[in-house]
Amino acid sequence: MTQLLAARAGEVTAAMRRVADRERVPVEEILRKVAAGTVVIPANKNHVGLDPCGIGEGLRTKINANLGTSTAFASIEDELVKLETALKAGADAVMDLSTGGDLDGCRRAIIARSSVPVGTVPIYQAAVEAREKRGSIVKMTADDLFAVIEKQAADGVDFMTVHCGVTMEIIGRLQRQGRVTDIVSRGGSFLAGWMLHNGRENPLYEQFDRLLEICLRYDVTLSLGDGLRPGCLADATDRAQIQELIVLGELVDRARAAGVQAMVEGPGHVPLDQVAANVQVQKTLCNGAPFYVLGPLVTDVAPGYDHITAAIGGAVAAMAGADFLCYVTPSEHLGLPTIDDVKEGVVASRIAAHAADLVKGVPGAREWDLAMARARKALDWEAQINLAIDPEKARAYREKRNPAGTRACTMCGDFCAMEIVARYLGAERVEEC
Ligand SMILES: C[C@H]1O[C@@H](n2cnc3c(N)ncnc32)[C@H](O)[C@@H]1O
Ligand SMILES: Cc1ncc(COP(=O)(O)O)c(N)n1
Ligand code: MET
Ligand code: SF4
Ligand SMILES: [Zn+2]
């Protein structure tokens, strides 16, 4: 039974109890929201060692770190170090997006070592294998694709990105309307290429029930992919993007009816003044399904700093109701991320999520900031470092720029505002400065 079917039957699962504990909300609320489909708990029955995590309405905003090999960098060991780095930095979920080397080995190693939910995009492996075995991606068969989905589900993948909304009709609309960057989704590009070359409809759309049957058996959560997301500000919120979202909304209904948990993926490159509208439209078209956004990146011109462009968009999106932020690292648009990029990406994304949680009334969010403010006022450096979102970085700065034992910091030195005011205003009031 899936979490969704259990919730609908009124059965509180161990995963629901754990999510309720972690979120500090009553388990009845989790049960009600899982039953309604506005919260998902991606938890494959075969993922041993998973600490269940809830994503959706009213819960802490979650963040995902993308990992995985590419053709140029195919070392599993490197990706396992990135996994450790992402977990230590506070990622709530990870995705294995490998396309190079031993794909089965990499995925299995990541699942075995990950306490957080693991996602994949099965069309990647299907495409890589079609090229190896049949000479080209377009020679992939629908059965090849479903065999990969079944294998990854059996391995314990908790959520899968499936670009079911890339249909012939929408590709036609995209071509007629014209775009600057056409299709930037990797999975979307594989499917569109396959469909146009073979003159056939998307098998993930055509055989959606076959997909649901697999997800039902393992309790894989569907992450309905945005194969037609905009790849630049100029293409944002266009007809193709919105029509795909309409289709994804219909598929959410079908997934729920079948007892399969579903969330929906969103953009991408979006100007700041369209971010909230994108979230609102997703929420209405998809009947409150959790929204999983890539960024959004609010400008196209900052390669090397796209963790920042994405954090700006992510904060606004989460404030408007997005539930799950996919990190973007400083190496986006430039190359496969390094270990340092993974850390920077996770922290930037967590800052965006927390900034939104502060104003969404998420339990515990304001208390964290208040504790930091009190530690700052008390010039309690140990507490400030421990409360920091990235304690390692905070400690390094404190040590680098202050002689040991300094009470204030070298920003103001002898003229520390906190110290001066404490003398005249605070409990430690003394004679004179
Ligand atoms: C959809 C998102 O996935 C990222 N992405 C794609 N493949 C990988 C990988 N192997 N490792 C990390 N990130 C990846 C892209 O950079 C994009 O931001
Ligand atoms: C939020 C989000 N969106 C999309 C993808 C898949 O990537 P792609 O569509 O490029 O295959 C992803 N992993 N996460
Ligand atoms: C397929 S990797 C590139 C993804 C691209 N940066 C995007 O915006 O979606
Ligand atoms: S990130 Fe690089 S490889 Fe991926 S679509 Fe953009 S240019 Fe191509
Ligand atoms: Zn991009």
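Cβ atoms here come from the backbone N, Cα and C positions, even for glycine.
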ASN66, MET95, TYR124, HIS163, SER185, ARG186, GLY187, ASP226, GLY227, LEU228, ARG229, TYR292 show up in TrEMBL as binding substrate; which entry in GLU28, GLU29, GLU265, GLU332 does that record put in the same site?
GLU265
Candidates TYR124, TYR292: member of the binding-site residues with the richest Cβ shell (10 Å):
TYR292
For ARG229, HIS269, HIS333, listed as binding-site residues, tell me which one has the smallest number of other Cβ atoms within 10 Å.
HIS333
Could you give the Cα-Cα distance between GLY187 (substrate binding site) and CYS416 ([4Fe-4S] cluster binding site), in whole Å?
54
Translate the DSSP assignment of GLY187 (substrate binding site) into the three-state scheme.
helix
Residue from HIS269, HIS333, CYS409, CYS412, CYS416 whose C-alpha is spatially nearest that of GLY227 (substrate binding site), among the binding-site residues:
HIS269
